[in-house]
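As recorded in TrEMBL:
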- 168: active site (ACT_SITE)
- 247: active site (ACT_SITE)
- 338: active site (ACT_SITE)
- 342: active site (ACT_SITE)
- 371: active site (ACT_SITE)
- 375: active site (ACT_SITE)
- 25-312: domain 'FAE' (DOMAIN)
- 336-417: domain 'Beta-ketoacyl-[acyl-carrier-protein] synthase III C-terminal' (DOMAIN)
């Protein structure tokens with residue numbers, strides 16, 4: 001009898017052991033953000049309206065129509081007076097940058113932010129086992145990742161990923177790489193470094209579709225330290241929940257809406273087509289369709305299904321003539337507490353606000369990031385997150401959804417859970433200015449200073465005063 005009991009018990013104990021083993025293994029696959037450091041360039045790199053005009057005046061092939069185009073887009077961009085530019089632009093060498101200018105721009109960020117992050121967390125460079133670097137518009141030999149490894153003397157067996165061409169959505173792609181490495185390796189530290197190379201990519205021609213990025217993109221960057229060490233979860237700031245990547249590169253219209261290319265005169269720049277909003281909307285909708293079941297409560301999904309079904313069945317001829325009635329929408333606030341939107345431009349932020357039914361409070365961090373730092377490409381998400389932290393919005397248990405867009409065309413989004421209450425720390429990039437945000441007025445001084453350009457009508461006689 002005892003032998004029979006033992007024979008029955010062994011499979012049960014084995015089954016329970018395998019369940020425990022799998023659950024325990026998943027705990028080692030968690031992904032935590034220990035800390036992050038946004039880059040704040042020195043004040044001598046600040047790009048105010050007077051310096052902007054000086055840069056524009058140096059572009060000799062611009063005419064009246066181009067000046068009006070620049071004025072309109074700068075005024076409507078949502079960018080303020082305290083964004084940062086590469087030293088080549090400040091020094092007036094934007095039309096003939098060298099490879100050393102590009103390297104210097106990158107190293108200035110690498111040597112500042114990574115050093116501060118490692119010092120603050122008391123982690124040695126030799127402890128970093130995974131390094132992911134993303135810079136879309138600069139590819140060097142040796143790679144930028146190799147330059148970081150050499151400068152900080154990192155370990156010989158470090159797992160290295162150097163990404164280029166991924167656009168403004170590259171941060172979340174880098175996080176996804178780290179997450180997948182964590183699935184098969186225990187007790188690791190990973191460093192994600194995200195920035196963009198501005199020095200060799202400033203456009204000095206007169207193609208309006210390539211002038212537009214000059215009005216939006218600015219210098220910035222961020223270094224993020226992640227781990228899957230369960231012993232450190234109490235020190236972590238955020239815990240990874242889920243991530244969805246959407247890529248519409250197979251669609252020609254989406255593929256060609258954002259491209260680095262040369263204009264007819266051979267000048268290098270970044271092209272933004274008129275199809276960009278349409279491509280972004282399609283990618284965003286597909287991304288939301290996939291991530292919604294992962295982050296929203298069942299009650300909200302059922303409510304949306306019932307409302308959609310009832311509306312479809314009960315739609316009458318009268319309602320059709322009136323425009324079909326109100327379209328049912330999902331309330332994403334039932335599953336997300338904070339929305340960390342890519343600060344790609346005023347139209348991008350407004351578009352996401354409309355699609356998700358967000359309030360001005362929800363999008364304030366993205367608007368303020370655009371105003372203070374401009375579009376810093378893939379790193380902009382972390383400036384937005386820093387604003388939320390500085391405003392003491394992030395409390396334990398809150399969920400933060402990051403949404404980014406990038407060339408290709410891509411839309412990536414992920415959700416983080418706040419592990420502990422977060423406050424304004426000494427290292428926060430907003431520390432010296434958060435009390436001034438949001439400002440009383442977001443008006444751009446360009447119109448006040450240069451609005452007279454709109455009173456000019458003859459391109460042949462138009463001339464910018466010296």
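Backbone N, Cα and C define each Cβ position, glycine as well.
TrEMBL labels come from automatic prediction, so no person has curated them.
Taking CA atoms as the reference points, residue 168 (active site) and residue 247 (active site) are 13 Å apart. A simple way to gauge crowding: the CB of residue 371 (active site) has 22 other CB atoms within 10 angstroms, across all the protein chains here.
Note on proximity: of the active-site residues 338, 342, 371, 375, the one nearest residue 247 (active site) is 342, by Cα distance.
The Cβ of residue 338 (active site) has 362, 365, 388, 393, 394, 398, 399, 400, 401 as same-chain neighbours under 8 Å, each 6 or more residues away in sequence.
For residue 375 (active site), the Cβ neighbour count at a 10 Å cut-off comes to 25, with all displayed protein chains included.
Of the recorded residues, residue 342 (active site) and residue 375 (active site) place their C-alpha atoms 8 Å from one another. Sorting the active-site residues 247, 342 by the number of other Cβ atoms within 10 Å puts 342 first. Taken together, the residues of the domain 'Beta-ketoacyl-[acyl-carrier-protein] synthase III C-terminal' (336-417) have an average pLDDT of 95. Its own atom aside, the Cβ of residue 168 (active site) has 28 Cβ atoms within 10 angstroms in the protein chains shown. Across the domain 'Beta-ketoacyl-[acyl-carrier-protein] synthase III C-terminal' (336-417), the DSSP tally of helix, strand and coil residues reads 39 helix, 21 strand, 22 coil.
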